[in-house]
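A.B. asks: I have a structure here, written as C-alpha cells, and I will follow up with some questions on it.
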Amino acid sequence: MGDGGVLEFGAAALAPRSAPRHVALIMDGNGRWAAARGLPRFEGHRRGVEALRKTVRAAIELGVDYLTVYSFSVENWSRPPEEVQSLLALLHRFIRNDIGELRSNNVRVRVIGDRIDLSDDIAALLREAEETTAANTGLTLIVAFNYGARQEIAAAARALAEEVAAGRLRPGDIDADAISARLDTAGIPDPDLIIRTSGEQRLSNFMLWQAAYAELLFVPVHWPDFDRADFEAAIDDYAHRDRRFGGLAPVGRRAKTAS
Ligand code: IPE
Ligand code: IPE
Ligand code: MG
C-alpha cells in the first residue's frame, strides 16, 4: 500500500489517500462458514468472536477512531431459541473475557440497540462495559446489540413528539440534526465505510439513517475468515473512492499522513 512517502507511478499516485474515521461492520456468514465445514452453527459464531477480537486489534493499529460491529439484530430473535441463547452467551463471554484488554488498550465501549428485551445480567454487563471504559480516549468500539435502525428512528420520533407535546420543542425545529441527536449514535460521526462480509448485498436494518453517505463494501469472505489483510484491503479500497456528498469535487476526506 503506497503511503505517499515513497515513489509511486500511475493514476494511483495522483489519487488523494484518506483513512476512514468510522468503519462499521456487518459481520455476516458465520452459519455458512460452519456449514461448509460440517460444523454446528454455534462453532461459526464462536470463530466469529475470534475474528472480532483480531479486527478490534487491527482497527487500533490502523488508526480507526470508531468501529461499529453489528452483532445481533432485532430480527435475529426469530432464530431458534438455542441459537439465540448461544449468541447471548457469546456476547456475555466476549465482554467478560475481553473487557480488561479493551480497557488497557484505551478502547471506549458504547452499546447501541434496545436494552428493554435483554435480561438483567446482560443489561448490567453492557452498562458496566460502557462505564468502566467511559474515560478512555482511543478507539470507540460501538457494539450494535438488539439493534434495528427502523426501531431506533421510531424511538427518536417518539422522543421528539414527547418534547413537542411537553412544549419544549416546536415542530419547526425538527431537522436532520434534531433526529441525529436522538438516535443511539448521538455524538458519533456517521460511518464512512460499511463493510458486509458473506457476499450478501443489503443492510438488513443496520444504520439506515447514518448510512446516508457511507461508502459500502461487500466482501465475499464469511465473517470467521475475515482477517487483517481483508481489513487493510477494505481500507485501501475506501481510500480510492471519491466522496462527493452531492457536490462536484471530492470532499470531506481526512488526508492520510505521509510517513
Ligand atoms: C452472522 O452470521 C451472525 C449473526 C447474524 C448474529 P449468520 O448467523 O447470519 O450466518 P449466515 O448468514 O447464516 O451464514
Ligand atoms: C445481519 O445479518 C445481522 C447481523 C450481522 C448481526 P443477518 O444474517 O441477520 O441478515 P439477513 O437475515 O441475511 O438479512
Ligand atoms: Mg446471516
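Along the chain as shown, the residues are counted starting at 1.
Here the Cβ of each residue, glycine as well, is placed from N, Cα and C on the backbone.
The annotation Mg(2+) binding site is assigned in TrEMBL to Asp28, Glu215. The active site annotation in TrEMBL covers Asp28. Feature annotation from TrEMBL assigns substrate binding site to 29-33, Arg41, His45, 73-75, Trp77, Arg79, Arg196, 202-204. Feature annotation from TrEMBL assigns active site, proton acceptor to Asn76.
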A.B. asks: So which of the binding-site residues is most packed in, judged by how many other Cβ atoms lie within 10 Å of its Cβ, out of Gly29, Gly31?
C.D. replies: Gly29
A.B. asks: Out of these binding-site residues, Trp33, Trp77, which one has the fewest other C-beta atoms within 10 Å of its own C-beta?
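C.D. replies: Relative to the other binding-site residues in Trp33, Trp77, Trp77 has the fewest Cβ atoms within 10 Å.
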A.B. asks: Check the binding-site residues Asp28, Gly29, Leu203 for any whose Cβ is under 6 angstroms from an atom of ligand 2, and report them in sequence order.
C.D. replies: Asp28
A.B. asks: Fewest other CB within 10 angstroms, which one of the binding-site residues Asp28, Glu215?
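C.D. replies: Candidates: the binding-site residues Asp28, Glu215. Fewest Cβ atoms within 10 Å: Glu215.
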A.B. asks: Around the Cβ of Leu203 (substrate binding site), how many other Cβ atoms lie within 10 Å? Please give the count over every shown protein chain.
C.D. replies: 17
A.B. asks: My understanding is the cutoff is Cβ-Cβ under 8 Å with a sequence separation of 6 or more in the same chain; which residues meet that for Val74 (substrate binding site)?
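C.D. replies: Within the chain, Val74 (substrate binding site) has Cβ neighbours under 8 Å at Gly113, Asp114, Asn146, Tyr147, Gly148, Gln151, Asn205.
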A.B. asks: Given a separation of at least six residues and a C-beta threshold under 8 Å, show me what packs close to His45 (substrate binding site) in the same chain.
C.D. replies: Asn30, Ser86, Leu87, Leu90
A.B. asks: Which of these binding-site residues (Asp28, Trp33, Val74, Trp77, Glu215) have a C-beta closer than 6 Å to some atom of ligand 3?
C.D. replies: Asp28
A.B. asks: Where does Leu203 (substrate binding site) sit in the DSSP three-state scheme?
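C.D. replies: Note: Leu203 (substrate binding site) is coil by DSSP, not helix or strand.
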A.B. asks: If you measure from the Cα of Asp28 (Mg(2+) binding site), which of the recorded positions Asn76, Trp77, Arg196, Leu203 is the nearest?
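C.D. replies: Nearest in space to Asp28 (Mg(2+) binding site), counting only the recorded positions, is Arg196.
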